[in-house]
Structure formats: C-alpha cells, structure tokens
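What TrEMBL says about this protein:
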{"type": "BINDING", "residues": "82, 93, 95, 101", "note": "Ni(2+) binding site"}
{"type": "DOMAIN", "residues": "9-47", "note": "domain 'Ribbon-helix-helix protein CopG'"}
{"type": "DOMAIN", "residues": "59-133", "note": "domain 'Transcription factor NikR nickel binding C-terminal'"}
Ligand code: NI
C-alpha cells in the first residue's frame, strides 16, 4: 500500500453535545461510521475552498425551473449558453408540465465564470428556481 492510500487513525476531542450532533447525522444520513461522515465533511470543505480560491478549473451543475411561456426567455437562456459555449458541457431539458421546464446545465471553467453564467441565467425574468451545485476534482 502506498503512503497516499494509507489510512491513519487519529483521535479528536469534541464537546459531548457536538459529538451527539455528529452521531445524529451519522444515523440520519445513513453513514456506516463516524469516520465516513467526517471524511465526507472534509471533502466538502476541500471543494468549497477550491471554489473560494478560484484559480482551478472546476465544474458546476446549474438546475433551473422556468416558465416556458415567459416571452423570449428560452431564447435568452440559449443565447447565454451559446456565448459561453466553451464552458457549457451539456444540458438536459425536461418538460415538467404545460408551463414549467426543468433544465440542468453542466458548466466547466473557473469558479468566477461559472458563478457569473449561473447568476445571469438565474436572474432572468421567468426563471422560478435556480440552484448551482459546486463540484471539483477530489484526489483522495
Ligand atoms: Ni420544456
């Protein structure tokens, strides 16, 4: 086993109420152990820090729900995506009902570019829901 894959056991001191909170989350989220949850929390933080630093290529998934009948909205959304075509990797469109369209837009690039495109589309009139999922490569 190389040192990169080696798993180290270490102890952490926590106030009892904080440990109780941790254990509640382990149960609620279906984790096999405290270690699994703590590993995921650290990875989440690494992704957050990568986005905050802003110098690395990352990926985001913008989920939007919008009104299909809002005048010219579909053209505006497509125009924004075409302007950023290098960054937009894929889109999925689902017709939810007569009025509502759900779309996921996978965007790659620097965090700032992804945030900007997401805000532009999310702020358009007729976009009723917009949420950006921030992701990045995680080595370990
Ligand atoms: Ni639709």
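Every residue gets a Cβ built from N, Cα and C, even glycine.
Any TrEMBL annotation is an automated prediction that lacks curation.
Recorded features from TrEMBL, shown on the structure.
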| residue | record | CB count, 10 Å |
| --- | --- | --- |
| 82 | Ni(2+) binding site | 9 |
| 93 | Ni(2+) binding site | 11 |
| 95 | Ni(2+) binding site | 10 |
| 101 | Ni(2+) binding site | 22 |
Tell me the coarse DSSP state (helix, strand, coil) of residue 93 (Ni(2+) binding site). strand
Residues from the same chain, set at least six apart from the ends of the domain 'Ribbon-helix-helix protein CopG' (9-47), whose C-beta lies under 8 A from its own: 134-136, 138
Does DSSP put residue 101 (Ni(2+) binding site) in a helix, in a strand, or in coil? strand
According to DSSP, which of helix, strand or coil covers residue 82 (Ni(2+) binding site)? helix
Mean per-residue pLDDT in the domain 'Transcription factor NikR nickel binding C-terminal' (59-133) works out to 94
